[in-house]
Structure formats: C-alpha cells, structure tokens
Amino acid sequence: MESLASLYKNHIATLQERTRDALARFKLDALLIHSGELFNVFLDDHPYPFKVNPQFKAWVPVTQVPNCWLLVDGVNKPKLWFYLPVDYWHNVEPLPTSFWTEDVEVIALPKADGIGSLLPAARGNIGYIGLVQERALQLGIEASNINPKGVIDYLHYYRSFKTEYELACMREAQKMAVNGHRAAEEAFRSGMSEFDINIAYLTATGHRDTDVPYSNIVALNEHAAVLHYTKLDHQAPEEMRSFLLDAGAEYNGYAADLTRTWSAKSDNDYAQLVKDVNDEQLALIATMKAGVSYVDYHIQFHQRIAKLLRKHQIITDMSEEAMVENDLTGPFMPHGIGHPLGLQVHDVAGFMQDDSGTHLAAPAKYPYLRCTRILQPGMVLTIEPGIYFIESLLAPWREGQFSKHFNWQKIEALKPFGGIRIEDNVVIHENNVENMTRDLKLA
C-alpha cells in the first residue's frame, strides 16, 4: 500500500493542475486561500468554535488553526503561512512537520495581521477564497476577485473526483466512525441516555463534540422521526424501543457520515422492518455503477419503499407502481437517497453538470434530493434510505381518496419507534462500487 506521503504528493500535483487550469481560464495569477478567523459570541469575549475553510483543508490537513494563508499558482510549491503567535493564554500549535510538509513551503506567521507584508506587492490579479472579505480588501485584493464564482465553481466541480489520498483519508474516517457506532450500540443496549450514548460515541472516535463533521443525531424511540434530531436527552426513556444513530468522524479534514438503526427487541414488526430496509439498501448499492444518474437510484428506492410498505401492510390494496406514482411513499421517506461526501458532509457540486457550474435542480417531486449528477469514477456518496412515521407528513393523508389505503392502526403502532435510516458511504470506481462502510463489517 502506498504511503500517505506519496499519495499526498500526487494529490498536490492534481490540485496544482486544477489550479493552473482555473487561473488560465479566469485570467488570474494566483489564489490566496484563507483558513479563516475566530469570531466572538455577540457581546462576549470568547469565540465560536473554529471551522476551517474547506478550500483551505483541500490543500493541507490543517483544520484547527485560524489566521493561516495559502498562496497557490499551480506552478510553484504552495506556500503556507502558518499562524504561530507568542501566546500564553491559548494553546499554540507548533510549526507542522509531517508527511505533507515536504510538498508545501511552511512559514511561521507570528502576527495575525502580519500577512500583508509577506505577500507579493502586486495583488490586483490575485483571487481570494475565504470568509473574511474585509480582510481581502485590506490586503489590496480587487473586490471582483474575492471568491470569484467561476473559479469556485470550477474547483468545486473537480472536488467531486477524489484523489487516492482523499480516499485513503476517508477510509480512515470510516474506521473511526465505525468504532463509534459499535460503542454507541453497546451503550444503547446497556440502557444509557442519549446524552451518555453520545459521550460513548465521542470517546470511541477520539473526537470532541466540536470535532465531528456534523452534530451527532442520537435518537431514541420517537425521536428517530426527527430527521436532524440533536437535542440529547439526559434521562433514558422508561422503555427502550429503538435507536437511530447518524454520526460521523473526520480524518485530515475528510468526513465519514454513517447511520444505523437498532431495535431493542428482535422479534417485533419494527425489527423486521429495520432488517428489510437494510436489505433493500444493500440491494440498491449492488446495482450502482458509473454512468447512471444518481436521481435514478433515488427513484428506484421509492419503488423499494413501496415494496416494503406493502409487505408490512402499512399501505394496502394498492400496487407498488401506484404508490410511487401518487407519492404515497413520499411521507415515509421525505429526504433524498443521499449526497456527495468529502471535505464537507454535504459536499459541493451535487447539482453541477460541468465545470462551468451548470445547475440541474432536483426533480420537483423530490425537492430534497441533494445530487443530480451522473455517477463517475472517483465520486464518493452516501446511500441513506429510510422509513419514518412523522405525524406532520402523514396528517394530510388522513383524509382524501388515498386515506383508506393507509393502515392507520399499524402506523400508530409504529410511531413510538420513530423511524429507520441506514447509511453507508460508497466510492464509484470504473468497474465496481466500493462500500467503505460494509468493508469494515459494520452490520
């Protein structure tokens, strides 16, 4: 297996090539990429947790240090000014010496406002990529060159195609997240609260709650019907019925995003439904290949949902085709089948059809689908179908011509379990699909 250092060297070569092409297309000399800055809580003297600019961590695995700068031109070795203040109030990260530092020129930046004297004098044709636009203006960057849309669209489009270095990092993130899921299931089985299950997860992954790539969804019982439930009750429920965990990890800035659902008992209808959703998810992944629209797989899973609704007699006296045609599957799976994954959990360019940023929206029937791309080798996506029992979505169906097809008694019996979601992270290759999650034996 190639070392991370050799993979990184090739990764940088790829980023340099993309940068050269972008600069030539948009007639710029270089890009100045800002890691970001700390911002204080309103009327307070402590900052919000720092989140690095994803375009910055695409180049270097520096994710916790504000006030850093990268200058890249696609030709010369990337230059990193690494913030290294004299500070006895806060932790100061040492100047990095790691697998990646041979391929980047690393320079200490002792003062956050000292970058101006270190940059090239002629800056009118440098593009700035970052959050703090006023800082770019102070440095003499032209307003039209601050986050230039064409450049960002171009870079975002090609971020869809992961380098071997990026895939190696994402496989490591998978390992961390899988460890967390196993620890969380054990905590659930022992009767812990959502709050304590979350602590078990973070401990197993080696993350703080500000390190995970998104807020963990730790949902017991009916809380599993809230798609992005992040409350974390401190008290365990009197009766444990179900547990939905949607939680990831991050390695060198790259995310994992996994979901599993467990039934407290193995011999009820809900447990069988969990198994069936899992089986259908795996069956869908087995059909995936390059050259097919991601939208097609979303639509196909609605057909699989219809099959399960009929099997479990949740919808009765209606064909599977009619269920999908009339959107009776919609209230049971109101989100998309998944999304691109990478430096960001909901990674960029899900709707871009080319490197000019041409946008193809989700189908009107499925507005929450986050990707309309044709699958190509190098893409990484989540596949995360679900079935939920959400009253606000079911309520409109309680009246009207289709109400009689809903088995309301069965639905009421399943509502206390909340819902089900099963999520794996897959890589599209030329001749196969790699399931990074199942390769680690996470059931």
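Just so you know, the numbers here start at 1 and follow the chain as drawn.
Glycine residues also receive a Cβ, built from the backbone N, Cα and C atoms like all the rest.
Sequence annotations record features per position, and here Swiss-Prot assigns Mn(2+) 2 binding site to D246, D257, E423. Look at E423 (Mn(2+) 2 binding site): DSSP puts it in a strand. Using a 10 Å radius centred on the Cβ of E423 (Mn(2+) 2 binding site) and all shown protein chains, the other Cβ atoms total 21.
What Swiss-Prot lists as Mn(2+) 1 binding site is D257, H339, E384, E423, and the listing cites sequence analysis.
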In the same chain, which residues outside the set D246, D257, E423 have their CB within 8 A of the centroid of the CB atoms that define the Mn(2+) 2 site?
I217, A247, G248, L258, T259, T382, E384, R421
Given the Mn(2+) 1 site residues D257, H339, E384, E423, which other residues of that chain have a Cβ within 8 Å of the mean position of their Cβ atoms, reported in sequence order?
D246, L258, T259, G338, L341, T382, I383, D424, N425
